[in-house]
Amino acid sequence: MTSPFQYFSEYLNFFLLFSALLGFLYAIGEFFSYHKNRKQILLGIIFLGTSYLLFNFYLISSGTIKWLYPLFLTDLPIVACLGVLLDEYFLTVLEGKFRSFRRLSYRIVPLTSLFVLIVFWNFWNKTKYLETQSLGLNPFLSRPLFLVLPTILIYIWCLLRIFRRISKQIRWSTFRKNYTLKIGIFIVGFCLALSFNGLITLARGGQTAHQLSGIAIGIFLCFLYVLRQSYPDFFLEVRKIVEDEKKAKISQISKLDHKEVRGKLQNLFEKEKIYREEKLSLRELAERMDLSSHQLSEFLNAEIKQSFYQYTNFHRVNEAKEKIEKEPDRSLLAIAYDVGFGSKSTFNEAFKKETGTTPREFREKILKKHPVRSSRS
């Protein structure tokens, strides 16, 4: 009679098989994506390897490995390959770099060759496996240390490289402020925790250990499916954050005190009214602020959201508006020269761009509000 525990174990094994199929479907989805690129191909291969790993865990957990004995121990080179591919994937995503297929093959081909050798080794040892089973023992639970240890070392080495890349590319300040990034890092952390658990399973063996480890990975795949369905733009947002971080890393203003630079800029424009100098240039302003032209230009675009000319004309037009309101009978050209414009045409163009009206139209509106004042063109 079958015990409730055996029924439960069968359900868990079914979930393992289902998870392996889900991983395979993920891989197919990445391979046949409309916008296929190198990152998606890598991700597809990673999902394919995970699918095979789960299938192998199912074989050991359910005991059906005895019918597919050539696949025994083949999960070890697959795990090592997954470590290498994950390292390559994070290199591409975080740093925008990638190794040539030739360089990558130096790592993958030996592991693939090991996979083939293990399959032949299992065929060679078929008789030994059968003899062990005839004694009532399970020959598929013990794992040779000379295969397990290199696998674990390779995978841990790859994980350490991934940790290093994440810490280099994503600033702590960005992590603290961004909720989406926190979820993304949590997913990566959970994935790495599953990896360590899987390594322990490989080292210790045992049907229950393989079953539980595989189920944890399967639950993670189900979580990814739900996340993709309920929040389809999540990974795009994480990718955008990573791209912004990469730009910040190569930025010429990342090491500047932004508050200090902003203060200097406000002092020059609001107190000293440097914009009144007709021939004021980006280079001259940068020299006064002890910055390079590139640094000042980047600061204005990134922090103020304006170019040098937009920022300068903004202040010139604002003062021109004040002067027109206070002295509506004064010549518009004189006001233009006072605030730093070199000609009437550039004054009219900048004024209309900022206010939507010409200086003359603006003055007419002022005079309508205050009819006691007289005007002249």
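Each residue, glycine too, has its Cβ placed from N, Cα and C.
Same-chain neighbours of the transmembrane segment (12-29): 44-45, 47-48, 50-52, 54-55, 57-58, 61-62, 211, 214-215, 217-219, 221-222, 224-225, counting only residues six or more beyond its ends whose CB sits under 8 Å from a CB of the stretch. Look at TrEMBL and you will find 12-29 (among others) tagged as transmembrane segment.
Cβ atoms under 8 Å from those of the transmembrane segment (41-61) belong to residues 12-13, 16-17, 19-24, 26-31, 68, 71, 74-75, 78-79, 81-82, 85-86, 88-89, 92, 140-141, 198, 201, 207-208, 210-211, 213-214, 217-218, 221 of the same chain, restricted to positions at least 6 beyond its ends. Annotation comment: TrEMBL describes 41-61 (among others) as transmembrane segment.
Positions annotated as transmembrane segment by TrEMBL: 67-92 (among others). Note on the transmembrane segment (67-92): residues 38-39, 42-43, 45-46, 49-50, 52-53, 56-57, 59, 98-99, 104, 107-108, 111-112, 114-115, 118-119, 121-123, 126, 129, 140, 143-144, 147-148, 150-151, 154-159, 161-162, 165-166, 198-199, 202 of its chain, located 6 or more positions outside it, place their CB under 8 angstroms from a CB of the stretch.
Annotated transmembrane segment per TrEMBL: 104-124 (among others), in sequence order. Cβ atoms under 8 Å from those of the transmembrane segment (104-124) belong to residues 69-74, 76-78, 80-81, 84-85, 88, 147 of the same chain, restricted to positions at least 6 beyond its ends.
Only residues 6 or more beyond the boundaries of the transmembrane segment (144-163), in the same chain, are considered here, and those with a CB under 8 A from a CB of the stretch are 73, 76-77, 79-80, 82-84, 86-87, 90, 118, 192, 195, 199, 202-203. Per TrEMBL, the feature transmembrane segment maps to 144-163 (among others).
The transmembrane segment annotation in TrEMBL covers 183-203 (among others).
What TrEMBL records for 209-227 (among others) is transmembrane segment. Counting only same-chain residues 6+ beyond the ends of the transmembrane segment (209-227), those with a CB under 8 A from a CB of the stretch are 9, 12-13, 15-16, 18-20, 22-23, 26, 50, 53-54, 57-58, 60-61, 187, 190-191, 194, 197-198, 200-201, 234.
Under the heading domain 'HTH araC/xylS-type', TrEMBL lists 259-365.
Here TrEMBL flags 352-377 as region 'Disordered'.
Sequence annotations record features per position, and here TrEMBL assigns compositional bias 'Basic and acidic residues' to 352-365. Secondary structure counts, DSSP: the compositional bias 'Basic and acidic residues' (352-365) has 11 helix, 0 strand, 3 coil.
Taken from TrEMBL, the feature compositional bias 'Basic residues' covers 366-377.
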